[in-house]
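Engineer: According to TrEMBL:
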- 63-221: domain 'Glycosyltransferase RgtA/B/C/D-like' (DOMAIN)
- 81-102: transmembrane segment (TRANSMEM)
- 114-132: transmembrane segment (TRANSMEM)
- 138-155: transmembrane segment (TRANSMEM)
- 162-195: transmembrane segment (TRANSMEM)
- 207-225: transmembrane segment (TRANSMEM)
- 303-320: transmembrane segment (TRANSMEM)
- 326-346: transmembrane segment (TRANSMEM)
- 358-377: transmembrane segment (TRANSMEM)
- 383-403: transmembrane segment (TRANSMEM)
- 424-441: transmembrane segment (TRANSMEM)
- 473-556: domain 'Putative mannosyltransferase YkcA/B-like C-terminal' (DOMAIN)
Amino acid sequence: MKEKKIDWSLGAILLLALFLYSWNICNAGNANDFYTAAIKSMTQSWANFWYASFDPAGYITVDKPPVALWFMTISAKIFGVHGWSVVLPSILFGVASIWLIYQLVSPYFGKTSGRLAALALTLTPIVVANSRSNNMDPTLIFFLLLAVYFLEKSIEVHQSRWLMLSFALVGVAFNIKMLQAFMILPMMYLFYFIASPCNLTQKLKNLSLATVVLVIFTLFWPLTVDLTPASKRPYIGGSTNNSVLNLAFGYNGIERLLGQSTQKNNSTPQAKIVSDQQKIDPAFMIGKPGLFRIFQADLGPQISWLLPLALIGAIGVLSVKKQQQILLWLAWLIPVYGFFSLANFFHPYYLVMLAPPIAALFGIGLPALVQLFYNGLAWQRMLLPGALIVTFLLQIYYVSFYYRWNAAILAIIAVLLTTSKQKNLLALVTVCLVAPAWWSLTPTIAGLSDAYPSAGPQLLRNKDHGFEIDQTLLTFLQKNRISAKYLFATNDSSTAAPYIIKSGEAVMAMGGFNGTDPVIDLKEFQKMVRAGEVKYYYYTNQCSGHQEIINWIVKNGKKISNSNFKNGTLYDLTGIIFQK
């Protein structure tokens, strides 16, 4: 029996990924407060765990399904709730995704291509930033790559059970980040239909059965939640009618493409909130819709460094032979690229969905272009210089925003490489990856784990670790809360989350994530005050919805004067006299 040799190059790439994703992570604060608060709550009861409740009292859920948070909660249960412990699953899934893309590329295109794909994915800036967060995307990418792995296996060994497992994993991925998981479905159907050796009837039969499996695994959690009486579970955060399916197809679905226009029973439309944020917050700066949006300065430095070379490399490979595997990655890339070119509402870190196909096509395409440069037809020989020119021009453009001299040096090296008659693969890889490698290193150097992950030199200038609690306020509330169910109520999760993380006690985020969810009206809130469930309301500048309730609180509540309360105004609601 022949022993498998250890691939030391792959091992080095995996260690590099582990370093980039984990170094300095202990100094990264609470990661994404919104999800960390939910994890803290989910460690306290099975109900909170199942529903992904944002708060320990089970008032409202986060605006995503629970699967990724389940892994993080298990980690937090083992190691305690810390920034590093809730990020640990993302780190592990991120490294595992590097290994998976190697396994997906190398059997068909060789170890060199597999290693290059793994290295490119490792050094994709937005991949590094995401893998240092407790957002859902690293978990999602791992499950999608695993689904593709079993899709390929089903075709390779001619066994439909692996196809069923592949589609089941996409169903599980839906319960990680909803419809974002379905972005690879066109590729999966198309690739199986093209690549499977089965006859047409068998293909249709297998795909039909796989679709049934997909539906079952997709809907199991949403239906169990939606069929549970609303009084026995938290409100579904982000929905307009307390339904998981409404959340999936509304806020996490069509609104991502068309933009948010829902007014959730309050005076501040969600669309206006997003519009205002897009003007001032880089986390919402996504450029103008259009074919070349992904290359624009707002988004390109996160994902697009190698995209021209990847696309031209795919042309080169297809010009030699009709390789079905290249179609797999193109069929992943093109629909996802199209969505992000047109969509009106997403965060830049969602572009991680483009990272696997770009990395794979880069790893496959660059060696092929080098071979064609020496052995191809006249037009094929022009592909590598053309790819290098476009790629280096794009990289120089991105670098010039921060480092003009470095951009000039890169330009000189690019000219020398492009015009040289000798095209050394190692030299090409080094120069192609040096700029994205530096961008990828910035979150690691900054020691950040952001709610809205990004990479770039701007992180080295601004190390904002987010909202900090007011310890004086927390001490006052814990001392005077008495028997109230909630430590305090406030309007949105960004105010509530740090106090949940610090104290482990229930804080009511009255309107969910942005403060706009129609969870409660004035009469219901008054009922809770009358019953003694809510004693204090904390008003901050971030309060943007439920204006009727806030006006009632300001008019009738007792304002507590304490100059030591830094970030807002506290109201005592216990003295309010209700009319019978």
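Placement of Cβ uses the backbone N, Cα and C atoms for every residue, glycine included.
Any TrEMBL annotation is an automated prediction that lacks curation.
Help me understand the surroundings of these features in the structure.
Structural biologist: Here the transmembrane segment (138-155) has Cβ contacts under 8 Å with residues 67-68, 71, 89-91, 93-94, 96-97, 100-101, 103-104, 127, 130-131, 161-163, 165-167, 169-170, 172-173, 176-177, 180-181, 184, 188, 191-192, 195-197, 328, 332, 352-353, 355-356 of the same chain, all six or more residues outside its ends.
When Cβ-Cβ distances below 8 Å are used as the criterion, the transmembrane segment (303-320) is approached by residues 120, 124-126, 294-295, 326, 329-330, 333, 351-352, 354-355, 357-359, 361-362, 364-366, 368-369, 372, 376, 380, 383-384, 386-388, 390-391, 394-395, 398, 432-433, 435-436, 439 of the same chain, each at least six residues removed from its ends.
Under 8 Å from some Cβ of the transmembrane segment (326-346) lie the Cβ atoms of residues 148, 152, 183-184, 186-187, 190-191, 194-195, 255-260, 274, 286, 289-294, 299, 310, 314, 317-318, 353-354, 356-358, 360-361, 364, all in the same chain and six or more residues away from its ends.
Remote same-chain partners of the transmembrane segment (358-377), defined as residues 6 or more beyond its termini with a Cβ less than 8 Å from a stretch Cβ, comprise 101, 104-105, 109-110, 112-121, 124, 303-304, 306-307, 309-314, 316-317, 319-320, 325-326, 329-330, 333, 383-385, 387, 423, 425, 428-429, 432.
Within its own chain, the transmembrane segment (383-403) is flanked in space by residues 295, 297, 300-301, 304-309, 312-313, 315-316, 319, 365, 369-370, 372-373, 376, 410-411, 414, 417-418, 423, 428, 431-432, 435-436, 456-458, which lie at least six positions past its ends and keep a Cβ under 8 Å from the stretch.
Secondary structure of the domain 'Putative mannosyltransferase YkcA/B-like C-terminal' (473-556) per DSSP, as helix, strand and coil residue counts: 38 helix, 13 strand, 33 coil.
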Engineer: For the transmembrane segment (207-225), which recorded stretch in the set 81-102, 114-132, 162-195, 424-441 gives the largest number of Cβ pairs separated by under 8 Å?
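Structural biologist: Stretch with maximum Cβ contacts: 162-195.
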Engineer: Are there at least 3 C-beta pairs under 8 angstroms linking the transmembrane segment (81-102) and the transmembrane segment (424-441), leaving out pairs fewer than 6 apart in sequence?
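Structural biologist: Not in contact, no.
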